């Protein structure tokens, strides 16, 4: 059983029904730790020490956040800037994340079709996530395909329930699956 | 022209007229006082008819020099004095010995008796502590290389007065008058044998050191607790007068003793309070002293022997300047600095009056020599400030234009901080600790003697005093500081402080703690911009935690709290205008209630959390649903 760490960042979680459903579905599961970044660091004063300890324990890491303007909310970026230190996460001696798995779990207002080369956003979601992918690679981590909940503006309760369930299954698989490198997106 | 009051009016009036004019013309206050003295002296307006009167005043006001050295000692911590030891011994001693030797040599060449030549040489080697230090302070040069070298020389000269006075009796030739109680500097112990005199000198210095270390602190502490300000001033005077008395008793220079006591008290929490209490006395006494010097210049003697007196005066100034220039050169002073150093110290000093009088009484000088020397000395004291003005206004700018080398300062002993913190109670100490934790040292003033003592033991540099006197703020470094913080919970007092700062230190940014909204109003009305209500942040922070415990999201609460605080500050700025109209007929408490009411209704209108639309996607969803095909 792998340890899974969900790094969750939503500046206004109380207003996001989708993310509430997702988080609710994965709360209280064994070996799945959720770190709610906006709750932990309302003033953006991230404790690098604590975050690195949590990272060190985990084998699978998830960046869970909504997509705002084709990227993550600012606190998540702050987390990346501060926690993934030189000579700890990358560079000489930066071996503490080596071999771990990481991926984005994201929600977008735009639909799956909007994130197509012919769609309104011109690129696929994976293209927008390139910075995360390369970040993972620089830290010697395996970057896996994202978990994507699209079209949140028009999602029905039924659909949402389904999505939440599959998010839970997805995480359980990451936790218990024999070989998870199959999730690799390329 | 008799009567004390009339005399007092005369002196003060002359000073009030001459000094500002001199300052306006860029000449410094010393020259102003000297000119005032000349004006009212017997040879110009003749208000002071009696020459002796000027000399009497001069002797009485020499005490100003003692006070000045005490104050200078206060600003010089022992470790810094120790750092200067080379300067004092090398530069100072060289100057005294070479000058004395050369004057002695010239005297011998002119076939004056060697005893007289030596006495003149030793006297002429001294410079005027009063004039030089006063000018340096006025020009704010005490802490640069010129200031420190000048000070080193002057300190050495003060030390040299002791052996000079001891040496003079040995120079008696012919039939001598007995030397007992000849000069003011010699006291009771003269009748003792030599070894006992030496012993008593060491004992006196020991007493000063011991008192400074263990006696004065508790005395000042005890007096400060009575909170009667004039008693504190009286104690400050007692310390200086007492030390002077002790020094005179054993035949040491009182100025030197006072300086020593000052150095010992430099680490005391009462340092700034002592400075501000003694400063006016020192200023007045020195002013009177300079005026007395001016009034004793014997113009009839000068006119009768114009060539002798003037050539002697210019000769001694030139000689001293050249010697000092050479010393400055070896210390690698830049030409401009070297000139100010050398010309600044080129006059003959006030201690010389003492040595002349002593030599006269010992019979080494006759009356005419003494008179001529007196005239030369007073004239040199008047001419050098004029030379300094010419130097500063004409020569140095010219030099600076020709070569613009930047002088590398020797390590500065100036330790004034950028921040002055008044009040070190719970509020101030937290603030001070926070600043210190981030590498910002503040100069701290507090008016509770017990607390000052306690905090000092804890390793804080806290000084005794309330900040409502300009002199105290001045000595706490208000001229160099950029921020003044009042962390005192008394708004009336803070207002005084603000007004004082505006008057005397307009460059200071004032940051004021206010108790509540009403106090904030008063501060806003006098135009204070940085006001910190002590309850505002704590109560909102508590409210934040309440909301969090009730299940609000932390980041949301963080933002709401910030918004609320901004709203509260803004509302205050609006309400302060509204308040003015009603001041007359609404009582304070009634006003407070009205204020609360208008604030509360304002908040209800705002509905902070409901109107927080940040990150809301409702409107996007709405558009998407009506659009139907995104």
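Placement of Cβ uses the backbone N, Cα and C atoms for every residue, glycine included.
Of all ranges given (B:309-327, B:404-422), TrEMBL attaches the label transmembrane segment to B:309-327. Of the listed segments B:252-270, B:423-441, TrEMBL assigns transmembrane segment to B:252-270. Contacts between the transmembrane segment (B:339-360) and the transmembrane segment (B:153-174): present, as 3 or more C-beta pairs lie under 8 angstroms, all at sequence separation of six or more. Within its own chain, the transmembrane segment (B:29-45) has Cβ neighbours under 8 Å at 10-11, 14-15, 17-23, 51, 54, 130-131, 134-135, 138, 286-287, 290-300, 381-382, 385-386, 389, counting only residues six or more beyond its boundaries. Over the domain 'RCK N-terminal' (B:416-532) the predicted model carries a mean pLDDT of 86.
Nonlocal intrachain contacts for the transmembrane segment (B:309-327), taken as residues 6+ away from its ends with a CB within less than 8 angstroms of a stretch CB, comprise 91, 94-95, 98-99, 102-103, 106, 124, 127, 153, 301-302, 338-339, 341-343, 345-348, 372, 375-376, 379-380, 383-384, 387. Panel annotation: around the transmembrane segment (B:6-22), residues 28-29, 31-33, 35-37, 39-40, 47-48, 287-288, 291 of the same chain, lying at least six beyond its termini, place a Cβ under 8 Å from a Cβ of the stretch.
Note: the stretches the transmembrane segment (B:153-174) and the transmembrane segment (B:282-303) are not in contact (fewer than 3 CB pairs below 8 A, sequence gap of 6 or more). Within the chain, the transmembrane segment (B:282-303) has long-range Cβ neighbours (under 8 A, six or more residues past its boundaries) at 11, 14-15, 19, 29-30, 33-44, 48, 51, 53-55, 57-58, 60-65, 67-68, 71, 130-131, 134, 309-310, 350, 371-372, 374-375, 378-379, 381-382.
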